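Pulled from Swiss-Prot:
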- 37: active site, proton donor (ACT_SITE)
- 30-37, 149-152, 178, 186-189: ATP binding site (BINDING)
- 61, 155: (R)-pantoate binding site (BINDING)
- 61: beta-alanine binding site (BINDING)
């Protein structure tokens, strides 16, 4: 199994593959790997000659220093999981110094307003951090395809916009959300929940599923009010936002249009641990 820590080494290693026009699939992660991440890797393995996985907790996308401090760092077990899946996967696990070269700061990006909604509204600067690291990693790896999960649907839309605006020659592949047995969306943050919280967090997806049913006959505003009311009586959960948006622009749905696709997004705090999820409303 090959593990690189320096960008110069990974670039040198991948260069002959690029010269031979081999396809390179790329799965960028922040570690604390779960089955959702592994499903992205499987997708890449099936569709590319080589697969690269990066493991890097990116400081510039955390607007809360406490969240960055508490984010799980489990490099050894992450490497074991990847090895069990396929020992030919190339791992790039850089240091902050290697990536940012002494300047740990974000660049500013314009994503045509995608960054102003939901996560962008509640986490100022977050998507500048995401854009900065994704662009840097793409420049290092030069992937043919890059794989992102739909759980972070807004991030997926933003990465697509980043690639389009910067004319990056990488195809972005969105992969379906993997869920636990109780339908809670798989997330590295789930590891910080107690067993009881993890069980009861099934309510998040159940609420989305019910909202989808209601959206068939009710307006977006009525569904949003119902979701807000549902969470008012829940002491364990604090609703940060629930939004029904146009799937393309991520703008809030004011009035339904049968020619558009809509998606519902939710963010909930469980004992200061933020969980997000979304569902297609078609």
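Here the Cβ of each residue, glycine as well, is placed from N, Cα and C on the backbone.
Among the recorded positions listed (30, 37, 178, 188), 30 has its Cα nearest to the Cα of residue 61 ((R)-pantoate binding site). Most Cβ neighbours within 10 Å, among the binding-site residues 30, 33, 178: 33 holds that distinction in the structure as shown. In this structure, the C-alpha atom of residue 33 (ATP binding site) lies 18 angstrom from that of residue 155 ((R)-pantoate binding site). Sequence-distant contacts (6 or more apart, same chain, Cβ under 8 Å) of residue 150 (ATP binding site) comprise 156, 174, 175, 176, 177, 278.
Taking the Cβ of residue 37 (active site, proton donor) as centre and 10 Å as the limit, one finds 25 other Cβ atoms among all the protein chains shown.
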